[in-house]
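Structure, as structure tokens:
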Amino acid sequence: MAAPCPEDPSLERHFKGHRDAITSVDFSLNTKQLASGSMDSCLMVWHMKPQSRAYRFAGHKDAVTCVNFSPSGHLLASGSRDKTVRIWIPNVKGESTVFRAHTATVRSVHFCSDGQSLVTASDDKTVKVWSTHRQKFLFSLSQHINWVRCARFSPDGRLIVSASDDKTVKLWDKTSRECVHSYCEHGGFVTYVDFHPSGTCIAAASMDNTVKVWDVRTHRLLQHYQLHSAAVNALSFHPSGNYLLTASSDSTLKILDLMEGRLLYTLHGHQGPATTVAFSRTGEYFASGGSDEQVMVWKSNFDVVDYREVIKVHRPPAPLATSGNLPEVDFPVPPGGGRSQESVQSQLQEPISMPQTLTSTLEHIVGQLDVLTQTVSILEQRLTLTEDKLKQCLENQQLIMQRTTP
């Protein structure tokens, strides 16, 4: 069990700049940037450092439905109602490459943990997987019979989970491209789905006002929450795996304690539906967006363990437990799963195998390579445009020559 809560979640700041409902939010790896997408067709990249100017990226021709930072934080993907996906370099220039990803609205974009592939979901009823740097189509998953609202990679990148208006959640094997299982327990459109940080469970949100948690190995329903009074639009796991954050059309955010199987907090911040939520990569903050055009950043406070340290030493998150009125979970708590904060901190003092300077240098190199490949991709696009224009000029010249020749 976690140590006693020092205080409740608190609203740190809110960002105003969008001109329509917020559809999606996501933090960069180092929590220095927060991206948001909106029905106003723009992406905003907000800086967590006070008094820093935000970047507004215009490029999509219609509503931006989803945003996701790459694992390194050096690239940002967005999907839109204009049927395209854009990959941006989130700096002041805001350069992007664009590709026609689907034949209908793109509802979801998500990078694999290695940053090499991207999964997209669409109203054309398909889930598609792409090579990140070449924006090359790899394969399609097409067993849903209605719009696909969300698709996410598992933490190890071996599985994909998708949620659809056909009221199902489907689990896919990335290598075989087969549907491993369909979860059909929801009574309404499934709006959002994501993997638990351990990769052993999935949580799905639905328009039937519920959140359900399943084991991906046994496919058993582990937990069922009916706490909102309207559709649940999004959810996000805390990096520890112990908490789940939800956003609903009832205008509230709720924080669930998964170990106890109970509601911890209900937060009232948005005027009108809360449409999106996301924890930062360390869990120290979370962001929310709503139809009130506001992006809010909250300080978690409810979990006192410093998860930046926990993540650094790769301590596996504790598995879920359920409350008495829910189905039992048949996997045991790992050794140390119930230790106090003090014992966790004593574990953290063990030396980390890789020096911090080397880690930082490697991260910087990976980031620079990301930017370099993206720049090459942009240059390739420009070269193609130039070639097309040159071809058009030559064709026009030939036409003029033919007309002038008697």
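Don't overthink the numbers, they just go from 1 along the chain as shown.
Backbone N, Cα and C define each Cβ position, glycine as well.
The feature region 'Disordered' is assigned by TrEMBL to 321-347. Annotation source TrEMBL lists repeat 'WD' at 15-56, 57-88, 99-140, 141-182, 183-224, 225-266, 267-299.
With respect to Cβ pairs under 8 Å, the repeat 'WD' (15-56) is most closely packed against 267-299, considering the stretches 99-140, 183-224, 225-266, 267-299. Listed by sequence, the residues of this chain that lie at least six past the ends of the repeat 'WD' (57-88) yet keep a Cβ under 8 A from its Cβ atoms are 20, 23-30, 32-33, 35-45, 94-111, 113-115, 118, 120, 122, 130, 132, 135, 363, 366-368, 370-371, 374, 377. Sequence-remote contacts of a segment are chain residues at least 6 beyond its ends whose Cβ falls under 8 Å from one of its Cβ atoms, and for the repeat 'WD' (267-299) they are 9-16, 18-31, 34, 36, 38, 44, 46, 48, 230, 233-240, 245-255, 307-308, 311.
Each residue in the repeat 'WD' (15-56) has a pLDDT score, and their mean in this model is 93.
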